[in-house]
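The structure under discussion appears below in the form of structure tokens.
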């Protein structure tokens, strides 16, 4: 595994997981308020 690839992928993965977490949290709130 190339270390440069990891350095590039890490922020992308972090941003993607953060976005998914936020979307899931908002979806749960919408689902509860129904």
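Glycine is treated like the rest: Cβ placed from N, Cα and C.
Swiss-Prot has this to say about the protein:
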type	residues	note
TOPO_DOM	1-4	topological domain 'Lumenal'
TRANSMEM	5-23	transmembrane segment
TOPO_DOM	24-34	topological domain 'Stromal'
Taking the topological domain 'Stromal' (24-34) alone, what is its mean pLDDT?
94
Counting by DSSP, what is the helix, strand and coil composition of the topological domain 'Lumenal' (1-4)?
2 helix, 0 strand, 2 coil
Just to be sure I understand, if DSSP states are collapsed into helix, strand and coil, how many residues of the topological domain 'Stromal' (24-34) fall in each?
10 helix, 0 strand, 1 coil
